[in-house]
Every structure is written in structure tokens, then in C-alpha cells.
Amino acid sequence: VRFRSCDGNKKIHFGSSEPEDFRVGEDGVVYAERSFQLSAEPTEFVVSAQDKETQQEWQMRVKLTPEPAFTGASEKDQRKIEEIIFPWQQYKHSSPLKRQKRDWVIPPINLPENSKGPFPQELVRIRSDRDKSLSLRYSVTGPGADQPPTGIFIINPISGQLSVTKPLDREQIASFHLRAHAVDVNGNQVENPIDIVINVIDMNDNRPEFLHQVWNGTVPEGSKPGTYVMTVTAIDADDPNAQNGMLRYRILSQAPSSPSPNMFTINNETGDIITVAAGLDREKVQQYTLIIQATDMEGNPTYGLSNTATAVIAVTDVNDNPPEFTAMTFYGEVPENRVDVIVANLTVTDKDQPHTPAWNAMYRMTGGDPTGRFTILTDPNSNDGLVTVVKPIDFETNRMFVLTVAAENQVPLAKGIQHPPQSTATVSITVIDVNESPYFVPNPKLVRQEEGLMAGSMLTTFTAQDPDRYMQQTSLRYSKLSDPANWLKIDPVNGQITTTAVLDRESIYVQNNMYNATFLASDNGIPPMSGTGTLQIYLLDINDNAPQVHPKEATTCETLQPNAINITAVDPDIDPNAGPFAFELPDTPASIKRNWTIVRISGDHAQLSLRIRFLEAGIYDVPIVITDSGNPHASSTSLLKVKVCQCDLNGDCTDVDRIVGAGLGTGAIIAILLCIIILLILVLMFVVWMKRRDKERQAKQLLIDPEDDVRDNILKYDEEGGGEEDQDYDLSQLQQPDTLEPDAIKPVGIRRLDERPIHAEPQYPVRSAAPHPGDIGDFINE
């Protein structure tokens, strides 16, 4: 054991926890104090290092393990084991230093894989020539010793015997690189480390393995001998540079064996499969299956290991069979003027593989259609040719077509194959006459006409033609189909168009000066057919509209500043019958020019302003005469309703009532009046309803005579008594109420709410006729 201090000057004393068994010298060497037998389990004890000056102590645990025993080897066998001597060099403490010898090159150690032992198996002895004077310890490092995979190689630290502990596998690790060390008992390096290379010798312990168990390849039919087909590959885990890993290929069998049992061969080294015989025909044999064998030991059947795989070779199709028509002539018919109609189906046969470029047919017309009215499409499923009409055919021009058609494949025929006569056919197509629609000439027809043409005027003649020259039909009939403004009519026989109203360019039905009307021409064929034509009337503008002022209402201030009103002249006509416009005020009434002035600021705009300093607030109608630039001129007098109001410094009206009045148009005022009238009617109806309700309620209340109602007959005289005449009471009326005037004779309208009702009353017991003035008289007197 060694102790290293930080300053390197400490004087250390070593001690042992078991001094009766182990002793540690001053140089750190551990000695056994007595002879004893170590157990299989490691023996542990503690070594202490104590500073002699400070008495500070450090401890370290030591684990002692027995060395493995080397059995079964005699002294004679040990002498046969090769020794590896460390190269000599001057020892460290020798002085002066001398140049050391060049390091020896140690030859590699060859060790066969899969050795059966026994293990550990001794390989070589490593020693130093200084073991005679020093007690040395040997060790090895590197992968396989103290690095993963550990424990494969071990060394006896005393004798330097290097051994292997288990069988090796070259396919896992082909070689090991170890380094041997020699140190003294203090751990000081005595010799420079030496490198030891251990090569694992390969044994034939692995069979060849194909990369795929089934290999797929293709070869075109009709291929010449020597044509490359495919390559199969096998690998061997053994050394490829030795016979153990050198493979050879051969073909064991071929199925089917026609037309020859040896149609293919294989390169025994590369695995390339090629053809060796002619006669590959897909129409006869479509696929070959080969059994391939790979053997190591360069194909030695006695010592080599073998494995097999399957090669499936598909014979691909080539275009060695041209398409042939099933008939020399095909027939079809088509109605005239029909397009995208299939008129004939062309059928062919091809012995090549279906739905391949060598089988797919393409059709082309070699004659009979100079104008390109037909095309031939291919049905992808049946490979038939579909003769289709792509341009309308006129029966009056062509009644029959005879086409010449050729069939080819998408790819050219194989070399040496020619197209037979059966690859060409004739197609006869008959055109069927049908009743065609009449057509207007020209369509559309453009007519230029000034607007203002009066009703009943002849405008133009718009006629149609019937293309059916071979059908017996009467003349065409004309009718109107579309006339948005209802301005026109057409003669049903001769197609003469006349006006039924004045033509107006400013109509909403005229767009960009153009008016469109559509007419219909019909025949009496079977079935009846008709055609449409469009008449376009380009209307030329005349000066038939006078300009008007816009807007119709404006607001200005009472004072001179600010009081400008901007107005615009609007004319439905177009140039030159529109602007620039002339603006002026009429001479009458005289107050117009006295109060107002107008100035034109551009061709379409003018400015109206006050001429006087102050004009009383109110609503004024200002006539303005506007004249356009047409020839002759057209002018009109437009009334501009100007609302004059009081304004603040910003020119805004401050007279609320007048602003409201000025801001309300005629429609708004009418709406307000209608709302007021409706509100009054509702109030009146409510009052009438309340009166009727009061009358109905009065009819249901108790009725009394108004003359007997003291609530309405009490008068205030401002005196304590009414005099003696007020004390004369007729108590008989109170005592005999049944002698009173019947209530039925009183009109309903004068009854009170507390009067008795008119209807029959229940009979109460008749009071006694004897007067009892006491109670009532006292009441009245009181």
C-alpha cells in the first residue's frame, strides 16, 4: 500500500488491524506474520497510516483474495509454454542514466475459436529479467482483461502466466489487444508495458445465408442467350478471406423444364443468373422457378456447408403480336348536328399480355375524314375502338363517310415483326337527316336609330333561314320572345319590325345606348323546331330633355355672409345635348333679381347667393332658368325652395322652429298631420266609450227622485234659522210613503244613482198607517 501526502514531507507509520496475521513495513509492503490457509471467501483487514508528528491517522480497507490454482500442468509442460521477456532497460535508481534498448516487437498469439478447453488454458508466460533481484507483480489490461468483455484473459501476478478462461468466437471479436505490466512490490513500474495481440483463428462453424429466401427477377421473352436476369447473394459469417467464407453458387433444379431443362445458368462466384438457351415465350411459359445452392469452402461438397434459396423468374411480355381487327368493315350511323356520339365499335384481338403497352391498342384514321369530324378513343377495359363524332355533320352537305382505320400498340412491335393486313379496317358511317332549327342572319342584328321614333314606324326586317332543304315544310313563322319596354312588334310572315311606342334612349331598359329585343322563328317540321335571334338597337341621342336643378331645396342665412348655395344642373341627355349649361334668373317677378344673384362656377355647377344685406327668415321659391348646349337649345325653369334662417357665427341656423320647418319635406309634414289626426280620433273614440260606459252603469244603480236628493238641494244661506216657514213639516208623507207618486212615470234620464230601480221590487210588510211622528219629527227638528 502507498500513502501520498499533500506536502510530501510527512513521516508515516503503517499499522494493521490484525497484527498477529499481517504486518505492514515502513515501505508499505504487507507481510504475512504466520503460515495459515486462506478460505475461499476474501479476507479483509484495515491498514492505518499515522503521522508521527501530529498523530493524525488515515485508514484503508484491504481485501485479500486467494490466487487461482493452476492444476494439470507439470513442470515439463510449464517449460514448453512460450515466454515473453520485457526488453531490458537501465533501472531507475542506477546512476548515471543510460540509453535503453529499443522495444521488442512481440509476434501475435494465434488462438483457434471454439476451443474445448480445459480452461483456464495457458497461452504464454510474461516475465522480466529483473525478477531474479526484485519481487515483481505482473498484470494485463485492455478489452478482454479489465475492460469489457472482462475476465476472458487472466494472468498470474507472481509467475506471469497468461491464460484464457473460456472459448472464443471470431464472429464476435476477431482479435484482442492487451498490454502487460510489471511492477515491484511497492507498485513502481519496473518495465515499460508491452503490447500483446491475440488473433482468433477462424473455424468453419457458420453456414451460408441468403439475403432473401425467395428472389424475384424478370426477363423479356425472346431474349438471346447471355441475357442478364438477376443476381442472388448469400453471406457467410466466417472469415471471407479464408476458405471458410468463400462461397460458390449453382442451380439445383429448374421448373418447368420446357423448352429446355437448362434455360439459365449462374456465375458460381458472383451469383449472376443469365440465359443460356433461346426460346423464351411468355405466351407458352410465363414463369420459371430455380433452386439455387450456396456452399462455402469454395464449393467443396465434402467439407463445405450449404444452404438453398428460390429464384422466381417471370417472363415479361414484348410486343411480338400486333393487334388484328375482327372484321374488315364496320358500320355505323349518326343523326346530323350531333356531337360526342359513339357511332361504331371497332374490336381487335391481341395475344400479348392484357393491359400492358404491348396489348393496349391505339387507333388512327388514315383516310376519309379530311375535316376532322371524327376521333377514335380506346376503351381501357375491352381495348375496343370507339368512333366518336367531335364536329357537327350537316346532312345537306355530307350524307355518308367511309373511314380507313389502322390499329397499333402503345409500343412498337419487336424487331422483325411486321403488321399484317388484319391491322387495317374500313368504317362506313351513314348520316341521318333531322329537322334543324331555323337561324337568323345576321345574329345579332345591329340597327342604329335616333330616339324619339314615333309609334307605328317601320324599323327593320329581321328574317331567318331554314337549313332543311330536303324536307317539305311551309314558310317560317315569327314571334316576339323578349321586348323589355314593349316598344316593338314583328310581322309573323315577313319578319318586318315596327314600333308600338316612342323609342327613348333615357329609358331604364337601355344600357349604354343599346336596347336588346329577342325574336323567335319556328317551322312546322316533325318535331317542330325554332331558333332565336337578337335585335340590337343603338339609340342615338336627341335633345329631348331640358336640364333641371339639383338639389330642389337649400338653406341659407339672413345676412349677406355667408349665404352661398351650390347647385348642379342635371340633364338625362348626353354630349353634345347636355353641358355646359347656362344659369340665369328670370326677370319676373322683380324681387328675384333684387334679392338674389347667380354665378356659374363650372359647366354643370352654379352658385346662388343673396344680393341684399339682409333677407327676413322664411321659405322662398327661387326660379332658375337653365339652358343646355344642344342644337337647338333646351331650357327649363326650375324652382329652388330656399329656406332662410338666422345663423350663428359659424353659419349654422339658430332658429329651431325654422330649422325644423326647413328640414322637413312635404312627405314628413303629411306624415306628422296624419299622426295627429289619428291621435285625435283615438281620443274621441275613448271619450265616446267612457260616456257609453257611464250610461250603462247609471242604468244599473239605485234610482231616487232628484227633488228628494238632499245632497244637491242643500243651500247655504249664512243664517242660523230659516224662519217659521221652515218649521211647517208634512209628516204624513214620511209616515205613508206608498201614497207618493209612482217612480215609473219618471224618465230614466233624471233618476239619481241612489234612486230605486224601475224593475219590480220585493214585497215588504206594510207599515202601520198610524202616524208616529215622534222619531222622524225629532230627527228633522234636531
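Any Cβ shown, glycine's included, is placed from N, Cα and C.
Annotated compositional bias 'Acidic residues' per TrEMBL: 720-729, in sequence order.
As annotated by TrEMBL, domain 'Cadherin' applies to 103-210 (among others).
TrEMBL lists 211-325 (among others) with the feature domain 'Cadherin'.
For 326-440 (among others), the entry in TrEMBL reads domain 'Cadherin'.
Annotation source TrEMBL lists domain 'Cadherin' at 441-549 (among others). Secondary structure of the domain 'Cadherin' (441-549) per DSSP (helix as H, G, I; strand as E, B; remaining residues coil): 0 helix, 48 strand, 61 coil.
Taken from TrEMBL, the feature domain 'Cadherin' applies to 548-654 (among others).
The annotation region 'Disordered' is assigned in TrEMBL to 719-747 (among others).
What TrEMBL lists as region 'Disordered' is 760-782 (among others).
Residues or ranges marked as transmembrane segment in TrEMBL: 668-690.
Each residue in the domain 'Cadherin' (326-440) gets a DSSP state, and the totals come to 3 helix, 52 strand, 60 coil. Broken down with DSSP, the domain 'Cadherin' (103-210) shows 4 helix, 47 strand, 57 coil. For the domain 'Cadherin' (326-440), the model gives a mean pLDDT of 89. With DSSP classes pooled into helix, strand and coil, the tally for the domain 'Cadherin' (211-325) is 6 helix, 50 strand, 59 coil.
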